[in-house]
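This report refers to the structure that appears directly beneath it.
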Amino acid sequence: MSNIFEESKTRAFIKNEGVDYNTTVTTQELPLEDFAENLQIDVISLNDEDITFDVKGIDPAFANALRRIFISEIPTMAIEKVNMWQNTSVIPDEVLAHRMGLVPIKVDPRLFEVKGKNEDHNENNCVQFNLHIKCTRKNTPEAQNRENDILPENDEALFNHASVYTSDMKWVPIGTQEEKFKNTPIRPVYEDILLSKMRPGQEIEMELMCEKGVGKTHAKWSPVSTAYYRLLPDIALKEEISGEEAQELKSKCPMNVFDIEDTGKLFVKNSRVCTTCRECIRDEKFVDKIKLAKVKNHFEFTVESVGMYKPEEIVTEGIKILKEKVKCWKNTMKGMEEDEE
Amino acid sequence: MDPDNDNSKEITQEDAWALIKAYFQQHGLVSQQISSFDRFLSYTIQDIVAENSIMSIVPEKQYAPGSNENQDRDLRYEIELGQVKVNEKPRFKEYDDKYNVIFPNEARLRNLTYQTSVYVEVTKRDKVTNSKGVEEVLEQSKEKEVYIGKVPVMIKSAFCSLNRIENEYEMKECFFDQGGYFIINGSEKVLVAQERMANNFVYVFQKKQPSKFSWVAEIRSQVDASNRPPNQFSVKLYSKGQRRAGGSFSGGKVFGQTICATVHYINQDIPIAILFRALNCISDKEILDKICYDQKDSHMMEAMRASLEEGTPFLKQEDALSWIGSRGAAGAVSREERIRHARDILKKHFLPHISTEDHCESQKAYFVGYMVHRLLSAHLGRATEDDRDHYGKKRLDMAGALLGMLFRNIFRRYVKEAGRVLKNCADRGQPLNISKAFKKDVITDGLRYALATGNWGTNAAGEVSKTGVSQVLNRLTFASSLSHLRRLNTPLQKSGKLTKPRQLHNTHWGMICPAETPEGQACGLVKNLSLMAFVSVGSTAERLKEILENYGTENLVSIEPENIHNATKVFVNGCWIGIHNDAEDLISNIREMRRSLFIPKEISIVRDITNREIKFYTDQGRVQRPLFIVKNNKVLLKKSHVERLQSTIKSQAMDFNEALAEGLVEFLDVEEEETSMIAMNVEDLQNRQYCSTYTHCEIHPSMILGVCASIIPFPDHNQSPRNTYQSAMGKQAMGVYTSNYQLRMDTLAHVLYYPQKPLVITRALDFLHFKELPSGCNAIVAIACYTGYNQEDSVIMNQSAIDRGFFRSAYYRTYCDTAKSGEHFEIPDVTVVGRRHGDYTKLDMDGLIFPGKNVLGDDIIIGKTALPRRTFERDMEYGNVIKKDDSTALRHSEKGIIDSVILTSNEDGDNFTKIKMRAIRIPQIGDKFASRHGQKGTIGMTYRQEDMPFTQEGITPDIIVNPHAIPSRMTIGHLVECLASKVACFQGKEGDATPFQDVTVEHISNDLHSLGYQKRGNEVMYNGWTGKRLDTRIFLGPTYYQRLKHMVDDKIHARSRGPLQILTRQPTEGRSRHGGLRFGEMERDCMVSHGAARFLKERLYDVSDCYSVHVCRECGLMAQANVRQQKYLCKGCQNNTDICQVGLPYACKLLFQELMAMQIAPRMLTND
């Protein structure tokens, strides 16, 4: 009994139906020393686009604060002002401008400042792109024959610039920017984002001004497509299962959490992949045989970068911002204490 | 055929879709409109002209002194209208007299009418009666093409210019547009099909007692395919104890229930025996032969006894005719005259559908006998009352029939007028000027007026007989346009409490959509055709009659009455033409002819075995649908045919018509459907337990649904009203309403930025082009209570998704204006009177605003000035003309960007402009959204991504709907759609949600589980604010959502002060006029009961039409007052001292003055 009680402090149990009332975490006081000692971060996977890492020894409030910062408080650069000089394409100006805003820009935002309300665009708060493109007919007999125009699938073969891509955006350095970003030229993260389709005679000319901002203001400034975590599943067998039941249970799990030993005994092969579909404990006969739980203080984070930052940078930037926030709070609190005195 | 051959294998239900595809390739969705119109312009118009073809003009004899020329000649002009010629392409005559072929888009943009000219060949004959009394043709002249007017042309009909164009988009048309509508003055008009009772049907009804009659057999008789008003004829059986009023001739000696008949143009009911005798059935035996086919039927004989006794005083045909004639319009004339009159009526106006020729009495007598037979059968309890709502007895007047009716009316008036003009000419002895007599505009304007207003035809009193026949084509969503073109209306008093005609009838199956009907007043009266329903165009019955005769039908004239009992009666279009002794043989022969298309496919063949009748119908307006033909419980369409249907090789391919010609499928109308045994699906045929004598098989049961209901996924899992709600809501969804929207100038249009095709679709959507022109987005929907901002049918929406373009839409509004004579487009300068308070600076030099300009409420977008009505050139020269401002301002509640401006000329050559404004609508709190299951809601709150709950895969919902929306509404389809979408999403395939198939929830669940998800689509989620795991699992998945046109930006309204009405000085009404919010009666009651008198006074008086007058205290009437000079006077009393000021509403003052104008003196008595 006490065992379960003890376990329920660290584990959230999953029932086969109804509401799992036990998952609410009671935040205990966490002395800094304990926190520092228990905190453990393991990177599970990392590539250009996303990172998955485990964080052990924190509570949801902490984890969530990080997650929220990743999504909405890490500043990036995004197109905010568009000067549309010419747009004879079928996409209306506003729609095109909105599309431009969502294009991720590969530039280190830490080198820029947030543009003040009354400030003009300058080399410290702005990155400028120009996009000037005109669709023309290619000089081939097929292209000159207008009857071919209606076939949408071969427009690339007939026309120059039938599709406008982000690669057509030209960076226009302001002031010393050219020098400053000599080694890391500013460009859109992806070259092949389709911006618009055009037909001969249509033209787009615009100036795109990037500003620094955060995801809170508009989702285009969010450095991540999403950042999330989940609690680590903890699956164990309460009693030995073998034979037909073992087979049944093994086949029930689409994620292959269970496997069968040579002896015919069921064992938990890989509990991490569990998606909590609960199919294994749906059947009454297995309810008491399997312990399906989540580790309350073990978070598996995933951060999917849009591309302005490397995924691991987002994590460190996020932690920095969290630190700043804590510092800020600390100062405020200090001030309040002094006031009281 | 070799049974082992793979190709002769039975088809599966899946194969039926190949045929359905072929059907839609051939017919499209608006073929009922187009084929009906084509028939009108190709045949009906000629028939109508032929009907009124000959005009005879006899000039009044002039005896001019001094000239004896031609005086004694009986000159007569005969004008014959012959061949009609319709221009095959609509043309438009520009103001400078140039003719151009016009295309629909030009007509739409320039507010022109898309119409084509009609010419008639006119032959003029001068005839003279010579001394022998024989007419001779003196001179004959022919004018080949006399222009008579223009007829609007249906888009994509045989007469449309688009017909010769291979690619519609070259002519700036939408690729998917199906036509079927007209363009009148630039607006697209649909002729909504009108439902009516069929003519030439015998209906037997029981009268509700107490009534004079117990049973009535009625027929509305009309000559085949003519548009003349039908003649009503009824045979009535008196109730027990009822005696004919004024039936003095029988001396009141007749006992029992007699039968009488009501004939058009005869003022009194005719005892049935007299009618028979008038039709030359003299003896009682002859009469009984016509009625009781079985001589041993003593009950029916008995029932006739009283009626026969009643007729005893009139034993000769002449006596009977005289009796009838004396009760006609002619009244008291000689006996001969009366008899002639009666003969004439019986020939021409009595049962005209049988014949209007001489010597048809015997046929008509047989028909009356048949009606009496039906009446007595019902009376004797052998047959039941007829069902008024049976759909087989309904006919739909499509565009062609409606235009036919209209054209006939106008043309008759037109010819009469032309005759009058010609007569005038002739009277004066002038040569007949034919082209002058045929006015240019009567027909053109008459048709255009009816199509523009929907007021269809006028009756004798000049009142509009039908309204709302022509409607502006709904262009909100592509599906709504399609649905509009397949709509039908029942012109019935909408207030009527009768519920029966509104109810879904069994016979609607497959013809009328069971879900799609409006709610409220028109519920069940406005219907929509099912997807595969088609309306017959009509064909002549003559050929069929010939064939019937060749196949051994004995004509009624030549048969012995005794033979009727054992033979089968043969009817063609309700007219009894004869009997046949081998019904089975006849039926199968004719049926084979139809199946090989030897006779038209739309002829229906009905065999009523119990009553021994065979009925054929060839008329127009019957709803039909195709079905598989089944023989020996096997569908005749085999795998080999399916392969041919699907084949892309031309030589092998089979289209739908070939399938018809090969006798694999056929069209059945409701009446014929009743006599066939139809299997629900192919599987039912194999399973012989229920029936082994199927004659037909449904092509697919989901084809019972109409356009809007076909969009609903899993409608068979929903409570039925929800499908009805969605059918109405689908029409308000935004999408891409037509692919050429940028080239059009619609007064109002919504276009979704990023429309998506649904993850889960029904098969029928392919034919509706819903995938090409969708109207919604696949949103990730969670069903949860997250905070409380989605209560009472509101939803929470993901702000980050909105930032990324979720459900953004563009909104277009077009303003237009014409500069008529004396008006000019220009920038009105300061000298112009009546300038608005808007901003004139945004106008370009030509007085019109330019594209790309930002505009907001009250900005002037069209600058126009008008000269005063009487302006002389002299005034212009001296420059003392004060121009009036007649500019157009943007609606004050709107803002946007000018999208495009056109300046052109209209029909009259006036300058004409259209200006299109565009605004972007980003979803915000208050905007309305709906799933495809009648689940609508407004945004109650938007949360950013980080605030939304997230799954263990990082998915955040786009929309969170409240779980309370589900249980009471029972829209299980909503949940199944979500589940199926989730599977479709992970599998990367389209989900199939076609109704009446064997996809089950269990299948979908198992698929989902095998993908590693919880079987029923539930997910563990984490709270976005606290980061804690939610205690409950949440049902989450993609669901197709629609953005509806109702948006807060169009509704938001408040007023602190503003304009007043001129008459009453009360605040104006309505948002568009910046009006006040009404403090109504109920609000007033509330304040009264609170005792809040001062507040009430403020609401109703101070902030409304506060006013004060001066009252003479002597007479109590209003006095003159000059407040500035402190002078007051009551003229009547000559009182200038005893006057007081009274506050009262301006409306009250107005009332008093109006009363005074009526010689009523309302006196205000004031206390000190």
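A Cβ is built for glycine as well, from the same backbone N, Cα and C atoms used for every other residue.
Automatic prediction, not curation, is the source of TrEMBL annotations.
What TrEMBL says about this one:
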type   : residues    : note
DOMAIN : B:28-444    : domain 'RNA polymerase beta subunit protrusion'
DOMAIN : B:198-397   : domain 'RNA polymerase Rpb2'
DOMAIN : B:471-535   : domain 'RNA polymerase Rpb2'
DOMAIN : B:570-631   : domain 'RNA polymerase Rpb2'
DOMAIN : B:656-701   : domain 'RNA polymerase Rpb2'
DOMAIN : B:708-1073  : domain 'DNA-directed RNA polymerase subunit 2 hybrid-binding'
DOMAIN : B:1075-1166 : domain 'RNA polymerase Rpb2'
Interface-richest range of B:471-535, B:656-701, B:1075-1166 toward the domain 'RNA polymerase beta subunit protrusion' (B:28-444), CB pairs under 8 Å: B:471-535
Highest-contact recorded stretch vs the domain 'DNA-directed RNA polymerase subunit 2 hybrid-binding' (B:708-1073), from B:471-535, B:570-631, B:656-701, CB pairs under 8 Å: B:471-535
Averaged pLDDT score, the domain 'DNA-directed RNA polymerase subunit 2 hybrid-binding' (B:708-1073): 94
DSSP helix/strand/coil residue counts for the domain 'RNA polymerase Rpb2' (B:471-535): 17 helix, 12 strand, 36 coil
Per-state residue totals over the domain 'RNA polymerase Rpb2' (B:656-701) - DSSP helix, strand, coil: 16 helix, 9 strand, 21 coil
